[in-house]
Amino acid sequence: MLRLDRVSKVYRVGSFGRERLHAVRDVGFEVRSGQVVALIGESGSGKSTIGKMVLGLTSITGGAITFEGTDVAGLRGHRAHKEYYRRVQGVFQDPFSSFNPVFPADRVFALIRAEYFPEVGEAEWRRRIEESLRVVRLDPAQVLGKYPHQLSGGQLQRILIARALLLDIRLLVADEVISMLDASTRIDVLNLLADLKARGMGILFVTHDLSLGNYVSDTAVILRRGAIAESGPADRVFTNPLHPYTRRLLSSVPRLHRTWAQADAELPADDGGCPVHGRAGAGDGSATLVEVEAGHFVGCAGDGEGGPCRPDPRA
Amino acid sequence: MSAQQVPGGPVPGEGVGAGPGEAAAVGAPRRGNETVYFALRNPKLLAGAVVVAVLLVAALAVPPFLGGSPNAYVGPQAQPPSAEFWFGTTNFGQDVFAQFVHGLRSTFLVGLLGGGIAALVGMVVGFVAGYRGGLVDEVLNMITNIVLVLPAMVVLIIAAAYLEARGILVQSLFIGLTSWPWAARAIRAQTLSLATRDFVDLARLSGRRAHAIIFREIAPNMSSYLFMTFILLFGGAILIAAGLDFIGLGPPQGVSLGLMMHSAVSWSALQLGMWWWFVPPGLGITAIVGSLYIMNVGLDEVFNPRLRET
Ligand SMILES: Nc1ncnc2c1ncn2[C@@H]1O[C@H](COP(=O)(O)OP(=O)(O)OP(=O)(O)O)[C@@H](O)[C@H]1O
Ligand SMILES: [Mg+2]
């Protein structure tokens with residue numbers, strides 16, 4: 001359904017835009033309908049940039065993104081974009097910046113109605129909004145008519161999810177949608193995502209939290225400095241992590257029954273050098289992925305900036 | 001200047017309990033009420049508004065009662081103010097008061113038209129440049145900078161000197177078309193920073209067109225800023241028009257405060273001690289422009305919550 005093919009993004013930064021920042025390099029993966037793909041990586045690894053490129057909000061520097069056969073970068077004009085957004089929606093990372101501060105928060109629903117459902121009657125639309133809000137565990141009476149600054153980040157995030165659900169979408173780009181929710185609401189929203197998935201929706205689930213990535217996703221894509229470090233079926237990636245970066249991420253997930261000292265003690269034992277070039281470490285760190293088992297890809301352990309992978313001193 | 005306001009802040013008697021259906025309807029007036037509440041308690045804004053309102057009423061309501069042309073020779077020559085001629089008469093026996101109220105009219109008209117045109121051009125250029133970015137921005141920015149560094153007064157003087165039709169409308173048009181650049185730059189800067197906010201992207205995801213995003217999403221976030229821009233352009237247009245009139249490049253048959261000063265000086269009112277001839281127009285211009293600027297400061301306080309508590 002959604003396919004990314006060696007997608008890269010270069011930002012021009014610095015004065016006069018002379019410096020280049022490779023935010024995303026040669027990223028490729030696929031989201032099928034009824035599938036959740038977790039995009040995992042630390043802060044600044046380019047997750048949101050990928051999300052915005054998929055939504056057609058940021059230009060693509062290289063590669064191609066196709067959704068059901070159409071090239072997203074090739075969408076021209078307002079009408080084409082509008083039709084695209086009828087099928088693909090997103091929830092942004094920062095709920096506070098996603099609402100226009102001078103209007104009540106429920107204006108996001110009004111926009112959807114004005115553009116996509118002008119023919120729907122007042123009462124019917126009210127019903128749809130309330131239903132959609134209940135799906136994300138919000139009490140309509142508590143959030144409708146309020147200004148964004150009168151609502152919490154978690155409430156705002158769920159309003160954005162409810163907004164996306166008003167349209168009959170095929171793909172949802174969910175950028176850290178549960179970062180501001182408490183543990184129990186989090187589970188509610190994750191279950192909601194599982195429901196949506198069961199209904200055939202494809203979800204690109206962006207997160208920096210590995211344990212959550214594990215919970216709903218079918219495929220995991222581990223992003224490191226804009227390039228894929230490891231990708232594959234979620235259960236394989238989590239039970240058999242091959243890239244040292246994935247291992248480090250996994251070992252840094254706090255676990256109830258283990259102290260940090262114990263976790264640290266396990267680290268060196270994990271080490272197997274570069275998964276592509278072995279302990280000798282001769283690769284140049286370029287983003288060539290090798291398939292180690294069916295559908296499970298892993299990249300070179302180089303520093304991600306074109307530097308070589310080195311033999312680990314602990315090895 | 002901050003483009004963000006905190007809507008619906010701690011307003012006395014703010015009741016939250018609106019049902020979802022009334023949400024949109026309730027939101028706007030509540031915000032409006034708050035602005036009005038602070039506006040009515042701002043002495044600078046009130047004082048400025050009263051002065052402008054009095055002069056505006058004089059300009060609109062008085063001339064019909066006077067009848068006749070303000071330039072008609074109606075009385076004795078060079079008389080100081082009296083019960084019959086409140087502001088005295090000119091060297092030729094024209095009623096200074098009649099000229100003054102008619103002059104106020106054209107002054108307000110120039111301010112409204114010249115300031116309005118400048119605000120319109122400045123807004124369109126600023127919004128489009130800030131929102132579109134890229135090449136469009138670079139081209140518009142270049143045009144803005146060219147107009148900005150043009151010595152506008154010199155251009156106006158040359159244009160006014162060679163133009164046949166020297167009516168007040170043409171004058172306003174020229175003033176409007178030369179005084180927008182600073183407004184465009186200010187609005188562009190504000191738009192640039194607002195356009196990176198996620199709600200703009202969300203509006204795009206909602207299928208909004210670019211102009212709707214600019215005017216219905218971005219502009220409401222800087223409404224106070226736009227209003228103040230217009231006030232400053234309004235005052236600026238009045239000053240430029242007065243300057244042009246004063247150096248004799250105004251509408252030849254018209255009346256304006258600047259033209260009054262021009263004839264007062266041409267006919268040696270200064271040397272003859274005829275203060276009633278040049279003081280009213282001078283004071284009129286000063287009062288309007290000064291009040292507008294004071295209103296601007298007051299508005300700043302009304303719209304910017306951080307300045308309110310002082
Ligand atoms: N508009 C922009 N202009 C220049 N650089 C940008 C821009 N947006 C993002 N970047 C840079 O691109 C890189 C990736 O940013 P991105 O927002 O995609 O990270 P992220 O993975 O979403 O991080 P986080 O988990 O903190 O949200 C960062 O180094 C960031 O500084
Ligand atoms: Mg992000």
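Keep in mind that glycine also has a Cβ here, set from the backbone N, Cα and C atoms.
Marked as compositional bias 'Gly residues' by TrEMBL: B:11-20.
The annotation domain 'ABC transmembrane type-1' is assigned in TrEMBL to B:104-296.
Taken from TrEMBL, the feature region 'Disordered' covers B:1-26.
The feature transmembrane segment is assigned by TrEMBL to B:45-66 (among others).
Among the features that TrEMBL reports, transmembrane segment is placed at B:108-131 (among others).
Look at TrEMBL and you will find B:143-162 (among others) tagged as transmembrane segment.
Long-range contacts of the transmembrane segment (B:168-187) within the same chain: residues 106, 109-110, 113-123, 125-127, 129-130, 140, 144-145, 147-148, 150, 152, 155-156, 159-160, 222, 225-226, 229, 232-233, 236-237, 240-241, 244, 250-251, 254, 256, each at least 6 residues beyond the stretch ends and with a Cβ under 8 Å from a Cβ of the stretch. Marked as transmembrane segment by TrEMBL: B:168-187 (among others).
Within the chain carrying the transmembrane segment (B:225-249), a Cβ under 8 angstroms from the stretch's Cβ atoms is held by residues 1, 3, 107, 110-116, 118-119, 122-123, 152-153, 156-157, 160-161, 166, 171-172, 175-176, 179-180, 183, 186-187, 190, 219, 256-259, 261-262, 265-266, 285, 288-289, 292-293, 295-296, 299-300, 303, all 6 or more beyond its ends. According to TrEMBL, the transmembrane segment annotation covers B:225-249 (among others).
Annotation comment: TrEMBL describes B:275-299 (among others) as transmembrane segment. Taking Cβ pairs closer than 8 Å, the transmembrane segment (B:275-299) reaches residues 39, 42-49, 51-52, 55, 80-81, 87-88, 90, 96-97, 100, 103-104, 107-108, 111, 224, 227-228, 231-232, 234-235, 238-239, 242, 257-258, 260-261, 264-265, 269 in its own chain, all 6 or more past its ends.
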Positions whose Cβ lies under 8 angstroms from the transmembrane segment (B:108-131), at least six residues beyond its ends:
55-56, 59, 137, 140-141, 143-144, 168-169, 171-173, 175-177, 179-192, 194-195, 210, 213-215, 218-219, 226, 229-231, 233-238, 240-241, 256, 288
Could you pull out which residues elsewhere in the chain have a CB under 8 Å from any CB of the transmembrane segment (B:45-66), counting only those six or more residues past its ends?
39, 95, 97-98, 101-102, 104-105, 107-108, 284, 287-288, 291-295, 298-299, 301-302
